[in-house]
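Below: the structure, in structure tokens.
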């Protein structure tokens, strides 16, 4: 990715083609995603400290915002140049270099799509079984099967994304072919910049929304708080849910704090209730960390207004 990005951006700069540099910018968003994934893996191995008791998972979110802002700054510069070219039309593009660079981009995306497609086929064949069965929720087989499923979905998602990059690269190649043999249609270069800038925004806006939810400590989109409350209330000896907080430390690492009130006369069963609540949050809803607080039943006291108290006195 680094080599391809450098080749496309340098080739676009030498050819004076904004379309190719915007295509390289889109590839920069993919490169940022890979770097963030590696950063998340590295941070997950670091132990929490006395000052950062949750660890350093939020650094992934911070780096995501910085990388997206960097992409937006570069994109704004390219869009400004595209507008200037559209208005004044006082620029020249080296059609030969643009055509060669665009062809390199198409070839790289073809190779990546082929490799991802082969990886997906190998993964599905190596983990297929002649007899289907439903493993238990907490069994090792269930976790093993789930990891294969998520891995397969990740490969398929990456393949679909590679197809999108390929379509964009083909668009650049078509524009390069037009400019090479029909220089009077050089307006195709800024037009591609406009289209690809929209694609970059569509690719990154989801990242900004997700990071915003994490920073504001919102509930992750894949979880339903009402559903969690309903399942907690189904636990035997739970009378009410006093409080429930759910938030994300970072993408894929959700934390929860719940405060439960036990039914009257069941204080001796608090360990069993706490264990069931923890299993529900950790195993069923996939929490990374959770804290379950319990209290015995306390009847709500009716509040008497001050005027009533003074009149009775």
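Glycine too: its Cβ is placed from the backbone N, Cα and C atoms.
Among the residue ranges 3-23, 24-44, the one that TrEMBL annotates as transmembrane segment is 24-44.
From the options 137-154, 191-208, 209-226, the stretch TrEMBL describes as transmembrane segment is 191-208. This prediction places the mean pLDDT of the domain 'Cation efflux protein cytoplasmic' (220-295) at 92. Here the transmembrane segment (64-83) has Cβ contacts under 8 Å with residues 18, 21-22, 25, 28-29, 32, 35-36, 189-190, 193-194, 197, 200-201, 204, 207-208, 211 of the same chain, all six or more residues outside its ends.
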